[in-house]
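Visitor: Below is the structure I would like to discuss, written out as structure tokens.
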Amino acid sequence: MSPQTETKAGVGFKAGVKEYKLTYYTPEYETKDTDILAAFRVTPQPGVPPEERGAAVAAESSTGTWTTVWTDGLTSLDRYKGRCYHIEPVPGEEDQFIAYVAYPLDLFEEGSVTNMFTSIVGNVFGFKALRALRLEDLRIPVAYVKTFQGPPHGIQVERDKLNKYGRPLLGCTIKPKLGLSAKNYGRAVYECLRGGLDFTKDDENVNSQPFMRWRDRFLFCAEAIYKSQAETGEIKGHYLNATAGTCEEMIKRAVFARELGVPIVMHDYLTGGFTANTSLSHYCRDNGLLLHIHRAMHAVIDRQKNHGMHFRVLAKALRMSGGDHIHSGTVVGKLEGERDITLGFVDLLRDDYIEKDRSRGIYFTQDWVSLPGVLPVASRGIHVWHMPALTEIFGDDSVLQFGGGTLGHPWGNAPGAVANRVALEACVKARNEGRDLASEGGEIIREACKWSP
């Protein structure tokens, strides 16, 4: 039975429940170079046609609501509406399909990841006509990319600042993550940097707690950096976590880091928020600080296979919002990561131009034009025996971040750092000599053990 409608006197206006596909499903539409394109994995409620559900996603994430409203006549829906322009099945999943949606660029505020996500994913994921919804990928048009500053410095500028070339960078997260005093924390930082690491790191939940206030930590870490630099002749850094309860406090911590003369600060970009992250990124570029990004909370958003957002979308958003490093998974180690899929979004972080490649999860060709690249950080559950695989998989433009793989060395922190550095240099040397790291990795590490703790 058709829904009841009410006619407004004199204007011929009809209210009532409308099928979304009548307005928002447009398979004949040819996408524009300026459109933001989205690929959604849709799991509809039983009995609902794919065209209607795909159109509903386009409508509820752009101009639509459940009925026609009289103010529709005061604007041009054809100019501003999102369009579901293509639907394809998901192989092996009878109840799922991919809906491709095109959004006009005028729907989004320039230079605002916050506004982009508020529009595309802010409301539609709670739509009861859908059992589940996942944003698999976005195509960001060049016209929109150019409204963002992006990373504060990028890969090449970071290497020039550090004067380190031809190999991955080495890092270590200080453990235990919580409970150390600032002085003992600084001691661990010094031992790791003195042993040969390029960076050490605050854990994501180290902010300013009663056992270690942020200012004390910054001071002792700066002392460790300068002492290790003087003794090794290398430029060193520690990711000082500036994440705070307010943007004002976050910037205050970054200002203090700059006054100490340290090279890099850190931010938890998902828990801190994109507005805060973009603000910090702008400050870092203006003041010569590198910015390390941790993705704490990402698995809440990206781990479910049929609901939420894939990490490649969060990675693209970070490149737009700004960060010089971001944690990206390891493929090896204790956290999840499929090799081809992980390398797909690693390339989206580093490269200027990435072709569509569905085998790697890349739904759209992405052109970043002149936006600087981001170094992927491989971390969590890795140690020296993973070094050949990590060197082969991630290449030179990466940060290999060890925690227990450094601090868990039976001889102490400094020998653990020495072991990491010796293993890395052995793998890079073997690779440059043409040896196969995949098949000879164990032998390469055993040879290196003769010259390392």
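Keep in mind that glycine also has a Cβ here, set from the backbone N, Cα and C atoms.
Okay, these came from Swiss-Prot:
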- LYS175: active site, proton acceptor (ACT_SITE)
- HIS294: active site, proton acceptor (ACT_SITE)
- ASN123, THR173, LYS177, ARG295, HIS327, SER379: substrate binding site (BINDING)
- LYS201, ASP203, GLU204: Mg(2+) binding site (BINDING)
- PRO3: N-acetylproline (MOD_RES)
- LYS14: N6,N6,N6-trimethyllysine (MOD_RES)
- LYS201: N6-carboxylysine (MOD_RES)
- LYS334: site 'Transition state stabilizer' (SITE)
Visitor: Would you find the one among the binding-site residues ASP203, GLU204 whose Cβ has the most company, meaning other Cβ atoms within 10 Å?
Guide: GLU204
Visitor: When the Cα of ASN123 (substrate binding site) is compared with the Cα of each of the recorded positions LYS175, LYS201, ASP203, GLU204, HIS294, which one is closest?
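Guide: That would be HIS294, the closest of LYS175, LYS201, ASP203, GLU204, HIS294 to ASN123 (substrate binding site).
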Visitor: Here's one to test understanding: among the recorded positions ASP203, GLU204, HIS294, whose C-alpha is closest in space to the C-alpha of THR173 (substrate binding site)?
Guide: ASP203
Visitor: Which of these recorded positions is closest to LYS177 (substrate binding site) if you go by CA atoms: LYS201, ASP203, GLU204, HIS294?
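Guide: Closest recorded candidate to LYS177 (substrate binding site) by Cα: ASP203.
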Visitor: Counting all other Cβ atoms within 10 Å across every protein chain shown, which of the recorded positions LYS175, LYS177, LYS201, ARG295 scores highest?
Guide: LYS201
Visitor: Here are the binding-site residues: ASN123, THR173, SER379. Which has the lowest count of other Cβ atoms within 10 Å?
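Guide: Candidates: the binding-site residues ASN123, THR173, SER379. Fewest Cβ atoms within 10 Å: ASN123.
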Visitor: Tell me, if you would, which residue among HIS294, HIS327 (recorded positions) has the fewest other CB atoms within 10 Å in the structure shown?
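Guide: Least crowded of the recorded positions HIS294, HIS327, by Cβ count within 10 Å, is HIS327.
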Visitor: Write down the Cα-Cα distance for HIS327 (substrate binding site) and LYS175 (active site, proton acceptor), rounded and given in Å.
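Guide: Spelling it out, the Cα of LYS175 (active site, proton acceptor) and the Cα of HIS327 (substrate binding site) are 17 Å apart.
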Visitor: Taking DSSP as the reference, which of helix, strand or coil describes THR173 (substrate binding site)?
Guide: strand
Visitor: Express the distance between the Cα positions of LYS201 (Mg(2+) binding site) and SER379 (substrate binding site) as a whole number of Å.
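Guide: That separation, Cα to Cα, works out to 11 Å.
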Visitor: Have a look at the recorded positions ASP203, GLU204, HIS294 and say which one has the shortest Cα distance to HIS327 (substrate binding site).
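Guide: Considering only the listed recorded positions, the nearest one is HIS294.
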Visitor: Taking the Cα atoms as reference points, how far is ARG295 (substrate binding site) from ASP203 (Mg(2+) binding site) in Å?
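Guide: A Cα-Cα distance of 11 Å.
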Visitor: With an 8 Å cut-off on Cβ distance to the LYS201, ASP203, GLU204 Cβ center, who else from the chain surrounds the Mg(2+) site?
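Guide: Here the non-site neighbours turn out to be THR173, ILE174, LYS177, ASP202, ASN205, VAL206, TYR239, ASN241, MET266, HIS294.
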